[in-house]
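K.L.:
As annotated by TrEMBL, thiamine diphosphate binding site applies to H73, A114, H115, S116, G146, A147, N175, Y280, E361. TrEMBL lists D145, N175 with the feature Mg(2+) binding site. Taken from TrEMBL, the feature domain 'Transketolase-like pyrimidine-binding' applies to 310-474.
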Amino acid sequence: MDLLDNINAPSDLRRLSRTQLKPLADELRAFLLDSVSKTGGHLSSNLGTVELTIALHYVFNTPEDRIVWDVGHQTYPHKILTGRRERMHTLRQMNGVSGFPRRDESEFDTFGTAHSSTSISAALGMALAAKTKGENRHAVAVIGDGAMTAGMAFEALNNAGVHEDINLLVVLNDNDMSISPPVGALNRYLARLMSGRFYAAARSVGKSVLPGPMLELAKRLEEHAKGMVMPATMFEEFGFNYIGPIDGHDLDALVPTLQNLRNLKGPQFLHVVTKKGQGYKLAEADPVLYHGPGKFNPAEGIKPATTAKKTYTQVFGDWLCDMAQKDERLIGITPAMREGSGMVEFEQRFPERYYDVGIAEQHAVTFAAGMACENLKPVVAIYSTFLQRGYDQLIHDVALQNLDVTFALDRAGLVGADGATHAGNYDMAYLRCIPNMVIAAPSDESECRKLLSTAYVYPGPAAVRYPRGAGVGAVVDKALDTVPLGKGVVRRKGRDVAILAFGTMVAPSLGAAEGMNATVADMRFVKPLDTELVLELAASHHLIVTVEEGAIMGGAGSAVAEALAAAGVVKPLLQLGLPDRFIDHGDAPTLLAQCGLDAAGIAASIRQRLGKTEPRLVVNNI
Ligand SMILES: Cc1ncc(C[n+]2csc(CCOP(=O)(O)OP(=O)(O)O)c2C)c(N)n1
Ligand SMILES: CC(=O)[C@@H](O)[C@H](O)COP(=O)(O)O
Ligand SMILES: [Mg+2]
């Protein structure tokens, strides 16, 4: 690694000769594969951006020139070349390197990303800021073909295309993959652009942008295509100077093309073609499997997981197929998260009722609303954090019309390695205030199946929130039974202290109760709240405790507090939940313990509260 070891900043990279860039790419790719195989993380996307990353930092004067990476899961080469090589062994671990760009991690991380399709908007903001301030710097957005399917990307293109004198470059990293194979008309369009390989380049020959060999090829194509009408590409119709597609692994194409583009004013659009998993045969063959692997031996490849316990995602996937078997009105919808949401089998068994709408959460929600208007029963499988993208659609298009849409919210609560951007901490707070909404929080895998059925049967908007990974290992039957809507269950009878636990917090609350003989209720529903149970327990206990794996601000505990207040009941109330701050990446159980949300932490908070005498409303651990 004698080249890579001497690169601690892009300035070191820019001192290399052009001929040293290819061996550097080989070293970088080898380091990347070795490192990620030891830490886990996003692999196939990163293998695909090695040359592009080198070329961008080689041509642009980073960090003065800004590079904004869309999603940012493909920025490990960027991090390695910008002074974090020696910390990559801490990737996505507590206090370690983040898996996404973060402004507070490096000056080279010009914009925090992780939720997709924000890069063009941010880069345009930076480009117009530079113009406003009279600064001659460039802004570059690097966006994947998957991220390009989100509406926000087109909002930005539309806005950018009219600014003819800005220094903005959009690089489309087209590897013909999202996490799953890509979907939609844009993918077909890009394929047409690629099939007409270099036609676009031929069109641009007048701009003398292309390096020699490709210029020659383009001229030959131009000769061949004589007389053909060369339609403008969609990107040119948006006001961009479109160049490409070019080979995103060929540094002899990338570097001179970027150098030429850097000298052009106005919105530029470079279409590069890469391979997801490039340079590691197993990832090239299966970029889906190698999108976000855990630790593995590169010589052997990823071994199938042997965990005995079902994950909540698997519980959902099984339930979806079973309910679809029973009810032909069921439609399964995912915004580009087929594998992550557990819908692979559903697509195989019910292809005509399966829709992957691309990275388009806003569209997914309203698309479901349209189906519900026609008396189908759509189930939107969506990570809690990504539903944030479709929030107005949820209120305006679904809840306001009281339409029968079921939301399966995976990754609710802390997610661990992906950190604050992906944490599903806010759904109880952001859903609870919406009229007509039902919100269920299962305490284990069996409860999850029952609450999914209950939400599905409910003739209006209903959400079931469940965490990433496996639960307590509860046996899950094959029934499609429901439970009484809005009713909780007392799991343990005690006295003095009543712990009202929501979802994943039932298990640690039972553990905490052991040492203090407390009552534990599995509340099951955040909305409608089992107010009768709340008041009954408040009447018979001295301290009411609420516990939730969600933001304490406005969450389930607030629902209990509001119920007590509305009934005029004044009782000491202790609310435990995720504190009012962003919680970074790390090991989820450790992070929960740090928030006082494991059995020991819950018990300690209760003991501390019991140790005081004055009855006052306490919202602590913030
Ligand atoms: C708003 C949002 N929805 C979903 C995701 C999950 N996600 C992460 S990467 C990805 C696919 C991105 O595809 P592409 O942009 O082509 O990048 P590639 O992985 O191919 O390099 C998705 C759907 C996300 N990060 N943000
Ligand atoms: C980059 C991105 O947003 C996804 O790849 C996400 O990291 C998937 O999360 P899970 O690993 O929880 O499915
Ligand atoms: Mg892609």
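These residue numbers are counts, starting from 1, taken along the chain as shown.
Each residue, glycine too, has its Cβ placed from N, Cα and C.
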K.L.:
Tell me whether G146 (thiamine diphosphate binding site) sits in a helix, a strand or coil according to DSSP.
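P.N.:
In three-state terms, G146 (thiamine diphosphate binding site) counts as coil.
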K.L.:
Do me a favour and check the Cα-Cα span between H115 (thiamine diphosphate binding site) and D145 (Mg(2+) binding site); whole Å is fine.
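P.N.:
With the alpha carbons as reference points, the distance is 14 Å.
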K.L.:
Can you tell me the mean pLDDT for the domain 'Transketolase-like pyrimidine-binding' (310-474)?
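P.N.:
Value for the domain 'Transketolase-like pyrimidine-binding' (310-474), mean pLDDT as a whole number: 98.
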K.L.:
Please go through the binding-site residues H115, G146, N175 one by one and keep those whose C-beta falls under 6 A from any atom of ligand 3; give the result in sequence order.
P.N.:
G146, N175
K.L.:
Roughly how many angstrom lie between the C-alpha atoms of E361 (thiamine diphosphate binding site) and D145 (Mg(2+) binding site)?
P.N.:
16
K.L.:
Could you list the residues of the same chain, at least six apart in sequence, whose Cβ is under 8 A from the Cβ of D145 (Mg(2+) binding site)?
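P.N.:
The list for D145 (Mg(2+) binding site) reads L172, N173, D174, N175, D176, M177, S178, P182, L186, N187, L190, given in order along the sequence.
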K.L.:
Which binding-site residues of H73, H115, D145, G146, N175, E361 contact ligand 2 in the sense of C-beta under 6 Å?
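P.N.:
Among the binding-site residues listed, those whose Cβ sits under 6 Å from ligand 2 are H73.
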K.L.:
Does anything in the same chain, at least 6 positions from G146 (thiamine diphosphate binding site), have a Cβ under 8 Å from its Cβ, and if so what?
P.N.:
S116, M177, S178, I179, P182, A336, G358, I359
K.L.:
Look at the binding-site residues H73, H115 and tell me which residue has the greatest number of other C-beta atoms within 10 angstroms of its C-beta.
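P.N.:
Ranked by Cβ atoms within 10 Å, first place goes to H73.
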K.L.:
Would you mind checking how many other C-beta atoms are within 10 angstroms of the C-beta on E361 (thiamine diphosphate binding site)?
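P.N.:
So the number of other Cβ atoms within 10 Å of E361 (thiamine diphosphate binding site) is 29.
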K.L.:
Using the residues the record lists for thiamine diphosphate (H73, A114, H115, S116, G146, A147, N175, Y280, E361), what whole-number Å value is the largest Cα to Cα distance?
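P.N.:
Largest pairwise Cα separation, rounded: 32 Å.
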K.L.:
Over all shown protein chains, what is the count of other CB atoms within 10 A of the CB belonging to N175 (thiamine diphosphate binding site)?
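P.N.:
The Cβ of N175 (thiamine diphosphate binding site) has 24 Cβ neighbours within 10 Å.
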